[in-house]
Amino acid sequence: MQTGAPFSFERFTFPDLKTLMAKASPLRSGDVLAGLAAGSDEERVAARFALADVPLKRFLNEALVPYEDDDVTRMIMDDHDADAFAPVASLTVGEFRNWLLGDEATPEVLRNLAPGLTPEMVAAVSKLMRNQDLIAVAKKCHVVTAFRNTIGLPGHLAVRLQPNHPTDDPAGVAASILDGLMHGSGDAVIGINPATDSPETMIELLKLIDEVRERIDIPTQSCVLAHVTTAIDVMARNAPVDLVFQSIAGTQKANESFGITQAMLAEAEDAAKGLKRGTVGSNVMYFETGQGAALSADAHEGIDQQTVETRAYAVARKYSPLLVNTVVGFIGPEYLFDGKQITRAGLEDHFCGKLLGVPMGCDVCYTNHAEADQDDMDNLLTLLGVAGCNFVIGVPGADDIMLNYQSTSFHDAMYLRSVLGLEPAPEFAAWLRKMEILDQNGRTRPQLDGQAAQNLLAWSGAA
Amino acid sequence: MDNLSNKKIPSGLDPWNALRIHTDARIGLGRVGDGLPTERLLEFQMAHARARDSVHMAFDADGLRAQLGTINHAVIDVHSAAPDRATYLQRPDLGRLLDDASAQTLADHKGSYDVAFILADGLSARATHDHAANTLSLILDRLGDSWSIAPITLATQSRVGLGDEVGAALGARLTVMLIGERPGLSSADSLGAYLTWCPKRGRSNADRNCVSNIRPAGLAPQKAAEKIAYLMIEARKLGLSGVALKDNSSNPALIEG
């Protein structure tokens, strides 16, 4: 891979592609912390002018991390589909933005294009886009996946039910699962972050979810978000694993800091597929990402945090996931300072993932030391709903008492479905109607004294 | 809970009451249309307001010094290289370094000590104001006379890593930092304790032992002091801290860099 000539616009010059992309990024605290951000607003826009003139092809000839040093770069380059790339092969980044917004870029065209795009191309064009551009193009990208239900269909919004408990107490987890189901949440996955990453805990929690799922025939999937090696371990012990979880990042070094290799992810996908537990599809992986993860592991390789985040989606795409979740505000204000930066990052991540063909959802969230509140979350949640986000997170009252941060609530998901006319995953929606949780108008209005509610309460009480 | 299993819940009875005993999660909040009832909405806002106030509250080192009066030990003030809260929140690296004046102050107190205690604001000055002096006093009660103790340091705009600089500058073999943890929505006053053997710049979380969630409604200061004193004695005996020093109380999720 050779490095080309430096880039310039007016009095500004940028020595290489990596620097140019960093300087073109909308301001965020993580790039300032890393010493990568533009020194002024003028320099930032100058970098965008220069970036707009870069041919997309150049990203195939100039790797941001050397091919020899990084297995994510090798994956990106080796898996690139030149035929799929052909429709945009002659465009610059600026022309690519125009093309994406144009009528020619239909959902079908974009779906066929995805394997021809690299994360760097997608990150680059996102830096030239306003929030409305990110929303408008993402809305045209339909990424549909399936396991026991179908997620990502236009006009639908799924919710991960996140019933975490600080000591993994089964009765406490069951109470939160019940609360979520009664609010129409849980179609993306019933997914527990365990307080303790051990095979025993994982098996116990998997059995807990599996029991209620089978008892009342819920068309959804479960996941205990332990390390991929723990999942491989318990699958060998015949535990009821639907989805395998793993946090991933955009460089080999960052993934090593998570204790993972590409071989482990491939092994886990094979093992979970081999269990044949899906009924309407076989997407068995659940990945989480988030801007700032690579920098916090000191493994960003001098790449800006939005671009290195997008490289994580190339890793995700390789293993045909059911769900990819950008946990956008979890990491703290040193990476995304306030509601404005969190909002921008959430829209970027969703757009970039979708354009690459990844089934993006978003944990719209913040910590108490960020300059953000529920109003900011309402805004981002609504924008993502408009953009066609595959799923969001549902936590009782938006307060995760195990991870100590604020996400979105079951109520928030009901609001979003209601104001935008979005339906749960079709199989799950049918179940909610059968359970008298959805009424005839599609609203979440559970009949608490109905037989279905009684069955759910009975299960939860016995857990 | 078996009584719920086979019994029909009468309409109007809140079935959530029976489930709330199992979790502090905000379940069974009720709803108005798709939204939260007003009281639940305001409860959340109050919890968030308290958490934010804890993050932004100025560290009252003088007040803490007064609380430490009964301990009868030298107390010195240090400040990180983060000049203010806004910088502190965006530049964790600066919160791990001493400013120049503090480095000089510590050099003046350099000696050879078994342990240096550092009381730091971290992400919740409220936690440090409310629980640090008490917890320290309870630890000292358990240590006995065989420990040489460095001057107690009060650290402003401090991250956990600042303790490494302080401990090294004072010539301490072990540091025990009591620091305000990132506030959760229902735990604005949670204190953490970090033990680091052979403190020096570049220590990582794997080198430390952590006792977290120290507050009356969490791990009571009395209990925390027992754990901390135990870990201190073990650390000195074994000459190490971190993952090799076994203790069940550490929770990596709560470690703040």
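Cβ atoms are placed via backbone N, Cα and C, with glycine included.
Residues annotated as adenosylcob(III)alamin binding site in TrEMBL: B:Val160, B:Glu181, B:Cys210. A 10 Å cutoff on Cβ-Cβ distances gives B:Val160 (adenosylcob(III)alamin binding site) a total of 26 other Cβ atoms nearby, all chains included.
According to its DSSP assignment, B:Cys210 (adenosylcob(III)alamin binding site) is in a strand.
Its Cβ taken as reference, B:Glu181 (adenosylcob(III)alamin binding site) is surrounded by 29 other Cβ atoms within 10 Å in the chains shown.
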